[in-house]
Each structure stands twice: as C-alpha cells, then as structure tokens.
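Just passing along the structure, written as structure tokens.
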Amino acid sequence: MAGQTIIVSGLNPAAILQSTIGGGASPTAAAAENGTRKVIPLSRDALQDFMLSIITQKLQDEKQPFYVLDLGEVVSLMDQWKSSLPNIRPFYAVKCNPEPSFLSILSAMGSNFDCASRAEIEYVLALGISPDRIVFANPCKPESDIIFAAKVGVNLTTYDSEDEVYKIRKHHPKSELLPRIKPMFDGNARCPMGPKYGALPEEVEPLLRAAQAARLTVSGVSFHIGSGDADSNAYLGAIAAAKEVFETAAKLGMSKMTVLDVGGGFTSGHQFTTAAVAVKSALKQHFDDEPELTIIAEPGRFFAETAFTLATTVIGKRVRGELREYWINDGLYGSMNCVLYDHATVNATPLAVLSNRTNVTCGGSKTFPTTVFGPTCDALDTVLRDYQLPELQVNDWLVFPNMGAYTKAAGSNFNGFNTSTIVTHLAYTYPS
C-alpha cells in the first residue's frame, strides 16, 4: 500500500496531534526524520489557506492532485459515534479508504477494523494492531485468505453459505462464525448489499445446522443494510430478524451467542443521528434481555467521507459560446470513480491561483455553465455537467470536499494515470 504511516497514540486530541508531529516538536514544526509526517494544526476555516500553501510549494511544480486528511474531523466523528452509540464498538471498513495515516488515528481512538481480504488484514496488522481487533467480514473468501487468517489469528468471520462452512472447517476450525442474514428492507441504500450477500430466512437454520455439524463455533449474527442507507428504518427490521436467529440457535441447542454485528450504512450528519436513535430503539426492544451481548458495527463512509478533501489542477480548457469545458488531472477512472460505483455527487470549488490571485475563490465573479472532464481518453470520464463555475485558466485548481469514501481506494491506473500515487497531506483542524 502506497504512502507513509504516522504513529498516533492516546484518546486525547492534543495527545494525538502531539504524537503525529513527533514528541517535543512545536505544532508547526516538521516531524522528526523517522518516517512520520508533518501535521499542521489549523482553525476550521483555515483549511483552504493550507491547501493554497501546498499548491504554491515547490513540491507542486508538477501540479499533481493531492488529498488533505483532516485529523480533527476524524476526532470529531469518533466523539459523535461514542456519544450516540456508546455501547457499539466500531470496526472501521478498511475497503472504504485504507490510507495508513487514517487507519492509525482510528486505531488510536479505539476503532477496530472490518477487513474483506488478506491484503486488508495485512494493512491493519502492519500498523501493529492485534488480530483480535479484526472481523473478516467477507461471507465468501478465497481458501488462501482463510488459511492466512488462521495463520495470523484473525478468528471472527462471516458466512452465508454451507460451502463457506466447509472451507472454514478445513482451513480454520478455530474460527468464530457470524452467519450473515439478508435484511428484508434495504431502505434506499446507495449501494444495496442484499442482491449479493445474506441468508434468506429459510436458509438460516440449515446454515446453523451446517456449522453445528462441522463443530464450528457460532458466536453471533451479522447483517448489512447497504452502504449509504438513507432510511434508518432498515435497521429496525434487520435487528428483529437477528433476534430470531439467536432464538433459532438456542432451540438447536447451540452455545449461547454473544455477538451482534449491525454492519454499516452509517453516514455522518442528520442520517447518523436518526440511525443511532433507530438502532438503540431496536436493540432495547429485541436484545434488552442480553446484558452480556457484544454489539459491533462496520462503519466506513461515516468516518471517511468528510475527512478528506481532493485538490485537482485544470490541465485543459475549451470555450464553446457560453459553455466552458475544463479538463482536470483526476477523474472517473481515479478518485471520482465514486460517481459511477458509489452513486456519489461531487461538488467543486475553484482556486484560481493563476488567473485571479487577488480573489482565488472567485467570490462575486460571473459564472458559466461548465463541463469538467477527467484526464483519460474515455468520453465517459466526465466529472461534472451543467455545473456553474467562474472563468478559469489552465493551471488553476478545482477542490472537491467530502472525497474520503470509496474514492482513491477504488481508483485505477487506466491510461497511465496512477491513482495510487496521489499524495495525502495531514492537517488537524480545531473549531473556530
């Protein structure tokens, strides 16, 4: 995995900041030459100035795109999680964004990790994180990955087919299984999971019997309502269905189950507030008689989406009457793949560092209907259409906020534009 890793420790934001910049260094000093990276402390409204400073640095002579990771935003989101869902342990979904610095600060604040492959497990273990803080949350795993999980001690895993039981029995009999059930209502999820994963109600008992016959431990139940779910009511039905699985296991004489994995689907902001209320209500209704129950979740975009900002350079321009067309050096085959695969909507803010240095944000300037293309030769590589932007020139910049979820992680190297080489800079914002 490309990129450097910072070392962070402690739950206190000040302590995290201090450890990321190196012990004893002043907040604006570069980290010691030990592989850690410089972290800049900023007020919340100074992030744009920080990005401008990066753009003007000699390191940006080639004007390559870059990310800024706001560690302060991550701390704030973790505070929200612990305040709203204090009894649910987050297992961050590594697939959403595996940036090492991001994983490090999440780990320091107590997050565990949801991994879906051997490579993701290796990312997490490389940061010194214990294997018992990982759930291997992929219901269908290659046998080689199961063998690796057994070797390194990652035991908690999901399944939703009898064939998976046979693979696990053969290669990792010490596994602790979580049958994954299919929610009957996906609640308008941006990316539904039900068509691919999850046992139907009539399949649950055979799956439990298969694990029982294989003498494997079934520790609990998991589900996932879908990524970016907009309807929190989906959790209500899923938690009720999970309770039925607990009851079925008890009727089969299986050992008492102790884990409930409520999956992902959480998005920061109002959706999270309503989701937290729905989850707590359903848990009280269906699992209030399970005081020893360990409840976990697999949030991805909740922590990642708003913590990252992407800066891109305008590399080309064409004028057709009132229409302005710009090419930038990242696009749908790179970070903006989220537009296609994650059904995301992106927004751009201009930084006219070349054409309007006295008003780089172009406040009050006339705007034009604009199309923004990515850099590849494919016409599909269109980031924005009918979008209002001011007049820009080649070597001006466009900045995209909320670009942390399923962006760089899913990018490609098509046409030789290598998404994996995009650098991430670190900042730590405080409320103004």
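Cβ atoms are placed via backbone N, Cα and C, with glycine included.
Residues annotated as N6-(pyridoxal phosphate)lysine in Swiss-Prot, with similarity to another entry given as evidence: Lys95. The annotation pyridoxal 5'-phosphate binding site is assigned in Swiss-Prot to Ser227, Gly265, Glu298, Pro299, Gly300, Arg301, Tyr406 on the grounds of similarity to another entry. Residues or ranges marked as substrate binding site in Swiss-Prot (evidence: similarity to another entry): Tyr341, Asp342, Asp378. Among the features that Swiss-Prot reports, active site, proton donor is placed at Cys377.
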Near Asp378 (substrate binding site), how many other Cβ atoms are within 10 Å of its Cβ?
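There are 14 of them.
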For the residue listed as 'active site, proton donor', which residues in the same chain are close in space, meaning a Cβ under 8 Å from its Cβ, but six or more apart along the sequence?
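Listed in sequence order: Asn415.
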Distance check, please: Cα of Asp342 (substrate binding site) against Cα of Tyr406 (pyridoxal 5'-phosphate binding site), rounded to an integer number of angstrom.
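Cα-Cα distance, Asp342 (substrate binding site) to Tyr406 (pyridoxal 5'-phosphate binding site): 7 Å.
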Which one is it: of the recorded positions Lys95, Tyr341, Asp378, whose Cα lies the shortest distance from the Cα of Gly300 (pyridoxal 5'-phosphate binding site)?
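Closest by Cα distance to Gly300 (pyridoxal 5'-phosphate binding site) among the recorded positions Lys95, Tyr341, Asp378: Lys95.
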If we check Cα distances from Pro299 (pyridoxal 5'-phosphate binding site), which of the recorded positions Lys95, Tyr341, Asp378 wins as closest?
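When the Cα distances are compared, Lys95 comes out closest.
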Going by DSSP, is Asp342 (substrate binding site) sitting in a helix, a strand, or coil?
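For Asp342 (substrate binding site) - judged by DSSP and reduced to three states - the answer is coil.
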Reduced to three states, what secondary structure does DSSP give Pro299 (pyridoxal 5'-phosphate binding site)?
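Pro299 (pyridoxal 5'-phosphate binding site) sits in coil per DSSP, no helix or strand.
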What whole-number value in Å do you get for the largest C-alpha pair distance within Tyr341, Asp342, Asp378, the residues recorded as binding substrate?
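The substrate-binding residues span at most 19 Å between Cα atoms.
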Among the binding-site residues Tyr341, Tyr406, which residue has the largest number of other Cβ atoms within 10 Å of its own Cβ?
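Of the binding-site residues Tyr341, Tyr406, the highest Cβ count within 10 Å belongs to Tyr406.
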Using C-alpha positions only, work out which of the recorded positions Lys95, Gly265, Glu298, Arg301, Tyr406 is nearest to Asp378 (substrate binding site).
Tyr406
